[in-house]
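Note sheet for the following structure.
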Amino acid sequence: MTKPIRNVAVLGATGSIGAAALDVLARHPRQFHVSLLAAGQRVDALLALCHTYRPDHAVIGDATLYTTLRDGLNAAGLATKAYAGEAALAELVASTTCDTVVAAIVGAAGLHSTLAAARAGKRLLLANKESLVLAGMLLMREASISGAEIIPIDSEHNAIFQCLRSRTTDGVHRITLTASGGPFRGHNRTMLAKITPTQAMAHPTWSMGPKISVDSATLMNKGLEVIEAHHLFGLPSEQIDVLVHPQSLVHSLVEFIDGSTLAQLSLPDMRTTLAVGLSWPERIGSGVPGLDLMKHNRLDFERPDTETFSCLRLARDAMQTGGTAPAVLNAANEIAVSAFLQGRIGFLTIPALIEHALTTLPRYEADTLETLLTVDTETRRITHAALTHFPLPLPL
């Protein structure tokens, strides 16, 4: 019996995860149809993707670029319908336009569309970690009510998902997320004070966008992933461990109460996790070769240095505080990373700004989206205001 074609929406289509998803989808035209493509501001790149993949719908987040998108589609003779803005995207992902959503919009900007997909009961391939960090309780509740199928696309959570063959943690003693350690593993604080944005974006094993690359360099990426794992798998902080594994071949480990430990290994390529999410519980080709253990003949593990890289500690603290603290952490980090990439602050000022926000703002119960968005806005305001009180980056 032939299975129906799955209609897939790729949100964040012009980013690195979007490109990986489209690569996998293009390999299986009889199984998948790209029904919707969405991007934030890169309208020319979105138009090029529309020309290649011929989606039914295209959405540009920046409403001022709607005319450019619409006219570009018309000039190319494409039948793709143009839309703009957050509300239009949320409405489309909740409609019959798609049954599968790749949520890869970076930052809090992806929250509304991710929640809309969860409420509508879609298969949600979740690469937008901020949705879980900012509103994890709400997202998981909506998915539970609607029957949405959440499959994490982060390599670490996808590895746990594969080891468990689901998100059920019966019999699990603990899970261990691995971290590459970023480009500055082994650096001390004196060395980190001189780091430039260009250096921070040079990740040793993964190809990622600027914001995620900096998060990896500060270990905030791993901190956010600890919070994600808490929501995805329902485990407390003490059952979520982190180890630095510079080869980035073992993506996570699951230790069971009987003494067994399962690990998932693969080359560091997001196409593997995307293929898992698109086809689960079956398997499809991703374009990623298998792992040659004779070529990679050693696997190293070490504890993360949370004194030097304090973002991981701050993330754990925020998770244990609960309520709106993770939302504060996330918003302050976004502002701090943006300022660092603009050369306005030094590398070590990123955790300092985050800690300032966490100690300044009160904790509330994270029981409504309105509360979370209000806290998000207020955190951004006070973090912006605090930028002038922190030292500028050191001259090279």
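Cβ atoms here come from the backbone N, Cα and C positions, even for glycine.
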Given that Swiss-Prot annotates D154, E156 as Mn(2+)-binding, name the residue from E86, E225, E238 that shares the site. E225
Can you pick which of G40, G186, G234 Swiss-Prot lists for the same NADPH site as T14, G15, S16, I17, N128, E130, G209? G40
Candidates E130, D154, E156, E225: member of the binding-site residues with the richest Cβ shell (10 Å): E225
Other than D154, E156, E225, the chain contributes near Mn(2+) (Cβ within 8 Å of their centroid) the residues K129, P152, S155, H157, N158, L177, N221, K222, E228, A229, S252
Can you tell which of the binding-site residues D154, E156, N221, E225 lies nearest to N128 (NADPH binding site) in space, using Cα positions? D154
What subset of the binding-site residues S16, I17, G40, D154 lies within 10 angstroms of K129 (1-deoxy-D-xylulose 5-phosphate binding site) at the C-alpha level? D154
